[in-house]
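**Student:** Dropping the structure in here first, questions after.
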Amino acid sequence: MVSSSSSSSSGGGVGGGSPQLAVKKGPWTTAEDAILIEYVRKHGEGNWNAVQKNCGLLRCGKSCRLRWANHLRPNLKKGAFTPEEEKTIIDLHARLGNKWARMANKLSGRTDNEIKNYWNTRVKETPTRRFTDLP
DNA sequence: AATTACTACAACCGCGTGAAG
DNA sequence: TCTTCACGCGGTTGTAGTAAT
């Protein structure tokens, strides 16, 4: 069912589908990061639920995928968006709407979450402040 | 120096889609 | 052909840090 991914895999909370496997939530530790990196190095991306099963990582597959995509991927570009990237985001948003993953595809090194946060906190909320810099 | 408000970032939850059995 | 499982996307919420009063 649809709810299986939320209730069983991700749990929809702590210990959702598998009573024996408590799912940890909250900030990731460096140890957890290391486990995830090692897993992806060996098995590649995908099968995120297998990380929990094979490595004993107390995180749902959903959380693992997000962590990898947003912080652990080797080609990630960290730091502030450049003016050129800003312009690209605005242009892509005008064309695609809230299709953050599509935008992330165009902006290599940037993640959908990063773009989404950027748009919601800096572009969408304060367009005048950002682009006209009115006092 | 202390308190309050605002901004930015990270993570979680729920829904939808696709693939496999 | 139908049912179930897993993955990915988008939206929302919470926490931390910084600045201003």
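Backbone N, Cα and C define each Cβ position, glycine as well.
Model, not experiment: these values are computed from the prediction.
For A:20-72, A:73-123, the entry in TrEMBL reads domain 'Myb-like'. The domain 'HTH myb-type' annotation in TrEMBL covers A:23-76, A:77-127. Per TrEMBL, region 'Disordered' is recorded for A:1-24.
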**Student:** Counting by DSSP, what is the helix, strand and coil composition of the domain 'HTH myb-type' (A:23-76)?
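**Tutor:** Once the DSSP states are binned, the domain 'HTH myb-type' (A:23-76) shows 34 helix, 0 strand, 20 coil.
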**Student:** Over the span of the domain 'HTH myb-type' (A:77-127), count residues by DSSP class, listing helix, strand and coil in order.
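**Tutor:** Going by DSSP assignments, the domain 'HTH myb-type' (A:77-127) contains 34 helix, 0 strand, 17 coil.
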